Amino acid sequence: MARNVLESSLLGAGFSIIFQILCRILTFGINAYIVRHVGREVLGIMNVRLLLLESTLLFLSREAINRAALSANAQQGDRCSWAQLINQMWLTVPICAVLCAPCLYIWLNWLSAVDAIYASQYEFACYAVAFSCVLELMAESAVFVAQVFCFVKLKILLNTLHILVRSAIFLWIVTGDRSAAINAFAIAQLSSAVTIVLGQYGFFYFYLKGFKDFVTQQAKKKPVAPKAWQVSLYEHMDDFPFKQLSDFLPGVMFNPNGKHFNRELQTLTLSFVKQGVLKQILTEGEKYVMSVSPVLSFGEQATYDVVNNLGSMAARFIFRPIEDSSYFYFTQTLSRDIKLAKQPQERVRQASSVLNNLLLGVSSIGLIAFTFGQSYSYPVLLLYGGPDFVAGGLPQSLLQWHCLAIYLLAVNGISEGYMFATNTSRDIDKYNYLMAIFSVSFLVLSYILTGIFGPVGFIFANCINMLSRILYSTYYIRHQYRPLSLDPLLGLWPGKLFGCTLFLAGIVCYWYQSSDLATHLGVGVLAGLACLLSWALAHRDLVRLAWRYGRRIKIE
């Protein structure tokens, strides 16, 4: 196998960022339309309650299995066959089906009730979301294969397609009947799930036929020179084990090990299951608190969700794709069960350098967001939701404090992701107990601080929680690299020049807040360019490295 894991990870991160930007622009546009024309309460039901149901089912069903399978494929390829991996991925479907029963009962009977005029639509939407999750997971084996064999463009293409299908169907129904917005959401969810399944299996149906013809042609004594797109798709795929589409189904593929499941893989999966439940609570904790207790009305929940989504743009556009790609890179580069001193030192040094650069990049973005967010929260929210939306000052206060959470979220995503990628099963089990403490503390803090500070209390609780997790993961990284005299955590400090420029930019932008909007925005653009220039001057080597990889990606 000659696939370049680092290059594929960078390519995946780059395409994912572009995809996230395009799709989130579309999503934000739809949300703005709903806020202005349908109502905040409907937006709260869809974006908080129903998407929380989808997030809960999908995360608990596949996160642990997917992470464990990625690690097993990279580090236990001789002990864990592809047939066992495919069987393992198909476990997500019955797991999700089983989870649907208690989740639907809770969502329909235990959580705070919706208004009577939306009750029937809400019930239908809950069942539709649950079924769409089961349907989507039927393509999980194909999604996993595409990830392992670096089909980066396929992932981006299908993700874009399913977002477009979901958005188009939703808007088509809502523009015809605004009162059917929740039903439209449910139908759109089902349609997007069907798109994912058909897209994944449709691609591999044609890919397997083309790959077979390519191999046959190249085996001839005088093979015809392959076309560029054939080389891109089929070259360096000698280890691709699938011969027919039915190999993606459970129990069909030939299994040299004899057993349907791998015991070590199941042990690792169970470790991630415990961790996954806790991580889901930490990720969506504020939504669970809002749903379980009547802290906020659906309208207030929608306000918080809109501001939270705007504040999380950097996380969705940039941090999450980088986190996913870096996790994949570290699992494929470093072994969990062997100390770094006993692993190939070239790989270890490369991993240390990559971790350092990742921390440098995301922490710099987080500091920029925090600096400019203090001065530009109000104009952003005014342009997004209109004067009525920003009235009262709550949305502005939420977004300003959320900018602090962005920095902590950026650092935590990379440091904790690295820790998860290199932990042993025993280390993961130990950390699960700490995650339990974090989870309980976060929920308690959310409830207490919300009672004191209102919705801003959710952000305070989240910041305290992330800071605690950062301290633990950075301690792990420092302890792991100390014997090698390497310190990738140096990337957390972007440098004096950049720091001083940011500080001055923040003061200048804050000073011009009372000016007219055009002047304020113009000052912000100039200050932002100054910050970017100072960062580039302070980190010339990293800029040159990014430029080289960017050119390679463009050429390919």
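From the backbone N, Cα and C atoms, a Cβ is placed for every residue, glycine too.
Just so it is clear, the model here is predicted, and its values are computed rather than measured.
Swiss-Prot annotations:
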TRANSMEM  10-30  transmembrane segment
TRANSMEM  41-61  transmembrane segment
TRANSMEM  91-111  transmembrane segment
TRANSMEM  129-149  transmembrane segment
TRANSMEM  156-176  transmembrane segment
TRANSMEM  184-204  transmembrane segment
TRANSMEM  353-373  transmembrane segment
TRANSMEM  389-409  transmembrane segment
TRANSMEM  440-460  transmembrane segment
TRANSMEM  461-477  transmembrane segment
TRANSMEM  489-509  transmembrane segment
TRANSMEM  517-537  transmembrane segment
The transmembrane segment (156-176) versus listed stretches 129-149, 184-204, 389-409, 440-460, 489-509: most Cβ pairs under 8 Å: 184-204
Surrounding residues of the transmembrane segment (440-460) on its own chain - C-beta under 8 Å, 6+ positions past either end: 281-282, 285-286, 288-289, 293, 295-296, 300, 303-304, 394, 397-398, 401-402, 404-405, 468
Best-contacting stretch, by C-beta pairs under 8 Å, relative to the transmembrane segment (489-509) and drawn from 41-61, 184-204, 353-373, 517-537: 353-373
Sequence-remote partners of the transmembrane segment (91-111) [C-beta within less than 8 Å, at least six residues beyond its ends]: 49, 53, 56-58, 60-62, 65, 123, 126-127, 130-131, 133-134, 137-138, 140, 291-292
The transmembrane segment (353-373) vs the transmembrane segment (517-537): 3 or more CB pairs under 8 Å: yes
Remote residues contacting the transmembrane segment (461-477) - C-beta distance under 8 A, at least 6 residues beyond either end: 282, 285-286, 355, 401, 404-405, 408-409, 411-412, 415-416, 418-419, 431, 434, 438, 441-442, 445-446, 449-450, 488-489, 492
